[in-house]
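A.B. asks: My questions all concern the structure below.
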Amino acid sequence: MNSLSTIPRGEDSKDDTTSNRPPLTSTNQSENLIKSIFYEISEVREKMCGNDDTCKNSREALTEDNLNLPKMSEKDGCFQSGFNQETCLMRITTGLLEFQIYLEYLQNKFEENAKAMQMRTKALVLILKQRVKNPDEVTTPDPITNSSLLAKMRSQSEWLENTTTHLILRSLEDFLQFTQRAVRIM
């Protein structure tokens, strides 16, 4: 009988320094969450566009993007040139938190997919926040600003609702692509 058989189920051996479980902050977990969010984005596009490939692949955006959707830039430290893990992690976690209100907006039309995206982005935030040196410095969006933005988005015409949905999906997808690349560098 080996020494591990005497350990009650659910408990770890204090002598076992090599755990087979990957750490919560593993790159694989982050990548899997990102891939599953990409899948949900694809599902929403499918529901919106049906068989219209022009609609699905549209990269058009309104010139007046008043949504202030999170974006990545050089100063965020997430690009290969000028990469800064701490700055990048702060930007990613803050950006994903900023997307929460937009995902809430999508719940009106795409309840299951939007909830799944929201849940997975929150899980991704929790995983990445563990890697931030000062997690208390991660900026969370202002609830009052968020509620007025949500009310404004919900009062739009159907055409604007569809355009807004396209913008949100495209921006989230772009943000996650940069996030995925950055996570791989980390």
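Glycine is no exception: its Cβ is also placed from the backbone N, Cα and C atoms.
Any TrEMBL annotation is an automated prediction that lacks curation.
Just so it is clear, the model here is predicted, and its values are computed rather than measured.
OK, TrEMBL features for this one:
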- 1-28: region 'Disordered' (REGION)
- 9-18: compositional bias 'Basic and acidic residues' (COMPBIAS)
- 19-28: compositional bias 'Polar residues' (COMPBIAS)
- Cys49-Cys55: disulfide bond (DISULFID)
- Cys78-Cys88: disulfide bond (DISULFID)
A.B. asks: Between Cys88 (disulfide bond) and Cys49 (disulfide bond), find the distance joining the two CA atoms and give it rounded to the nearest Å.
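C.D. replies: Distance (Cα to Cα, whole Å): 34 Å.
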A.B. asks: Sort Cys55 (disulfide bond) into helix, strand or coil using the DSSP assignment.
C.D. replies: helix
A.B. asks: Which one is it: of the disulfide-bonded residues Cys49, Cys55, Cys78, which Cβ has the fewest other Cβ atoms within 10 Å in this structure?
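C.D. replies: Relative to the other disulfide-bonded residues in Cys49, Cys55, Cys78, Cys55 has the fewest Cβ atoms within 10 Å.
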A.B. asks: What number of additional C-beta atoms lies within 10 angstroms of the C-beta atom of Cys88 (disulfide bond)?
C.D. replies: 25
A.B. asks: What Cα-Cα separation, expressed in whole Å, is found between Cys78 (disulfide bond) and Cys55 (disulfide bond)?
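C.D. replies: Counting only the Cα atoms, the answer is 30 Å.
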